[in-house]
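If you look up TrEMBL, you'll see B:58-272, B:358-553 marked as domain 'ABC transmembrane type-1'. The transmembrane segment feature in TrEMBL is assigned to B:62-88, B:109-129, B:149-173, B:210-230, B:250-274, B:303-328, B:362-382, B:394-413, B:425-446, B:479-499, B:528-554.
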Amino acid sequence: MDKGLTLDRIAVFKDGKPLVALDHHIAPGEVLSVMGPSGIGKSTLLSVVTGTLPRAFSFTGRVHLDGRDITDAAPQRRMVGILFQDDLLFPHLSVGANLAFGLRPGGSRAARQNRIEDALAEVDLAGFANRDPATLSGGQKARVALMRMLLAEPCALLLDEAFGRLDTALRAQVRDLVFARARSRALPVLMVTHDAQDAEAAGGEVVTLGT
Amino acid sequence: MKNRVLPVVPALTLLVMLGPVLAGLYGTVLPAFGHLPAGGLVGPNLDAFRALLDWPGLPRSVMLSLTTGIGTTVIALALVMLLVAGWSGTRAFRALERLLSPLLSVPHAAAAFGLAFLIAPSGWIARLLSPGITGWTNPPDWLIVQDPLGLTLMLGMVVKEMPFLLLMTLAALGQTDAARARAIASALGYGRTTGWLKTVFPRVYAQIRLPVYVVLAYGMSVVDVALILGPNTPPPLSVQIVRWMGEPDFTARLLASSAALLQLALVVGALLFWRLGEIIVATLGLRWITSGHRGASDAPLRIAALSAASIAALSILLGLVVLAVWSFSGFWSFPNALPDAFSLKTWMRQSTGVLDALGETALIAGSVTLLALILTIGCLEAEYRQRRNLTQRGLLLLYLPLLIPQTAFLPGLQSLLLNVGADIGRAPVMLAHLVFVLPYVFLSLADPFRAWDSRNASVAAALGASPDGILWRVRLPMLLRPVLTAVAVGLSVSVGQYLPTLLIGGGRVATLTTEAVALTSGGDRRAIAVWGLMQTGAALVPFALALIIPALVWRNRKGLSHG
């Protein structure tokens with residue numbers, strides 16, 4: 001099978017009634033934008049990929065990631081990263097510990113610390129490891145959340161209205177950063193958004209639901 | 001309630017809640033140092049402490065107190081955390097959640113009796129397995145109940161404290177955004193249990209710390225459960241204190257007072273030790289969190305936690321069933337799973353005594369709960385009108401009566417009443433109950449009271465309602481369900497009180513609980529079953545009413561039907 005994320009004839013139902021459907025292959029480094037008004041089931045579509053579909057829903061079709069069929073895999077074994085609208089940094093952990101939580105196990109403490117420093121430097125936050133997440137600005141939090149997800153070495157990245165809480169100027173900046181980091185790691189990206197500018201900036205294919 | 005009264009209610013509440021505790025501690029210190037004017041004894045001297053140190057049972061007694069308290073807390077906390085970590089949000093969890101209120105309201109003594117009737121060598125489990133599996137035709141000569149190490153006592157306490165910790169955890173979970181933490185942890189490759197322990201537990205624990213301390217202090221100083229399930233020779237320190245208090249001669253009372261101070265020191269020491277443990281766990285935990293290990297043993301941990309929780313819930317419920325069976329049993333020969341004959345004889349024989357005790361119990365519980373409710377609503381309304389919220393320190397004061405061991409201040413309170421020549425009896429018992437009922441009523445009502453949408457008050461005020469009018473005609477009717485729940489909590493706490501009734505009542509106030517526990521030594525299972533069931537009923541019925549009444553009153557008001 002191909003590298004990348006494949007949504008193979010996915011159809012989601014709510015209480016037995018059809019909600020959304022999508023059949024698409026996303027190649028490594030590419031972005032697929034799914035647009036549509038809120039309440040149409042965009043986030044539900046993502047939960048099919050992450051394996052966290054709420055009980056009231058059901059779906060048909062298969063999800064493949066880099067040739068693996070992950071349709072029935074446990075959520076934590078899918079290697080699918082996701083960023084939400086809120087940064088969701090853990091408030092009881094420092095910025096560095098948040099990143100260490102994401103970093104795959106293994107390596108000496110010093111080596112792990114180095115990787116965390118590097119990750120922070122990659123998003124212009126060098127020296128922030130000991131900071132309390134609550135003292136960071138919105139844009140800084142978003143960047144930490146991105147690096148925490150990338151340190152877990154996912155094989156695909158999902159964006160669930162990930163830039164919705166940022167103001168316009170910051171939004172473009174964070175958006176470009178996320179796409180650049182994802183492209184440099186050759187990750188297939190599936191983004192749901194209701195903002196046409198997000199989709200435009202992604203530069204990939206756009207699917208509009210509910211039309 | 002006039003506005004002139006309202007501002008002093010918080011101070012009054014603190015006084016009735018902490019006054020007896022402080023007075024009791026004072027009353028314990030004096031006789032501990034040999035000063036008991038009512039007995040013609042004048043101190044100060046250290047004779048009582050010397051006598052205490054000379055008592056050969058002391059090391060074992062102290063040890064039992066420590067192992068029961070710390071063991072109960074560690075095991076109950078670990079099981080509840082693993083249960084919530086592995087199962088919250090699932091169907092199995094919701095099923096256990098629905099059992100929570102009834103499990104909580106079963107009095108400690110009744111649960112202990114039920115457990116004893118289940119696991120004793122001649123208990124229900126042995127009967128069900130005999131003679132088919134075990135081959136026994138006579139009960140084996142094993143010491144399961146009242147074993148010298150106090151393991152059954154610890155088991156009984158774990159089973160009864162788990163619902164309490166679970167309730168507190170559920171309340172704390174609402175403020176931790178646990179669902180989204182799970183989504184993130186799972187996207188980062190963490191399993192349910194490990195992810196929860198690393199991301200949610202630190203935040204939840206910060207919220208349930210005080211209730212955990214309550215379990216620790218209570219486990220170290222519990223009396224009624226220890227009398228039923230704990231060892232006798234020697235018993236845990238708390239039981240020994242009560243024994244000494246019951247002896248007619250005054251030197252025993254001095255001994256009891258010095259032991260009560262030791263009990264207090266033990267609890268304070270254990271709390272400090274626990275705090276130290278928290279710091280160590282936090283340090284090691286942070287290392288574990290940042291190691292990035294995703295957790296390999298989640299599945300067995302999940303299964304173990306659910307099994308343990310189910311067994312705990314079942315042992316209380318089946319305990320009640322076996323009490324019911326015994327209460328109606330005629331002759332019941334050993335390996336038979338059910339009685340050879342059923343009869344109403346025990347119920348008939350006990351009916352007069354039971355009804356008298358029920359009346360006394362209801363009178364005390366009703367008056368105490370009503371008082372506690374008035375004070376609580378007064379405090380919360382004063383807090384609301386003055387726009388001042390309870391501080392962390394205020395919360396600690398609220399927990400203080402639950403953290404100071406009963407056996408440390410109740411003997412002193414009794415001595416003090418004796419010294420001033422006050423009549424011991426019903427009224428002082430009520431005041432003693434209030435000390436324990438108030439915190440629970442307050443904790444139960446505070447969150448819903450504060451969560452009430454105060455825009456309703458703005459609307460009512462704009463329509464010309466006075467602050468008192470708003471309280472009586474808008475706020476309290478809307479809060480009918482939580483108010484009744486708080487009443488049920490108060491009643492069940494009062495019904496379950498053993499030591500305050502026994503010590504402050506001077507043996508002259510006979511409630512369902514004191515009489516049931518008093519039957520322990522006699523070993524008449526049928527009588528114990530009747531009293532244990534009545535005790536459970538007295539605690540359980542108010543909870544049922546708290547569910548039914550709002551549903552009836554608001555049957556035509558959909559907006560209030562979910563509380």
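Easy rule for this one: first residue shown is 1, then count along the chain.
Including glycine, each Cβ sits where the backbone N, Cα and C put it.
Ranking B:149-173, B:210-230, B:303-328, B:362-382 by CB pairs under 8 A with the transmembrane segment (B:479-499) puts B:362-382 at the top. It is B:394-413 that, among the stretches B:62-88, B:109-129, B:250-274, B:303-328, B:394-413, forms the most Cβ pairs under 8 Å with the transmembrane segment (B:425-446). Beyond its flanks by at least six residues, the transmembrane segment (B:250-274) meets 25, 28-32, 34, 36, 39-41, 47-49, 51-52, 55, 62, 65-66, 69-70, 73, 212-213, 216-217, 220-221, 237-238, 240-242, 244, 403-405, 407-409, 411-412, 415 of its own chain at Cβ-Cβ distances under 8 Å.
Relative to the transmembrane segment (B:109-129), the listed stretch B:303-328 leads the set B:62-88, B:149-173, B:210-230, B:303-328 in CB pairs under 8 A. Under 8 Å from some Cβ of the transmembrane segment (B:149-173) lie the Cβ atoms of residues 64, 67-68, 71-73, 75-77, 79-81, 83-84, 88, 96-97, 100, 103-104, 106, 108, 111-112, 115-116, 119, 200, 203-204, 207-208, 211-212, 215, 218-219, 222, 225-226, 228-231, 236, 309, 312-313, 315-316, 447, all in the same chain and six or more residues away from its ends.
Remote same-chain partners of the transmembrane segment (B:303-328), defined as residues 6 or more beyond its termini with a Cβ less than 8 Å from a stretch Cβ, comprise 79-80, 82-83, 85-87, 92, 96, 99, 103, 106, 110-111, 113-115, 117-118, 123-124, 158-160, 162-163, 193, 338-339, 342-344, 346-347, 525-526, 528-530, 532-533, 536.
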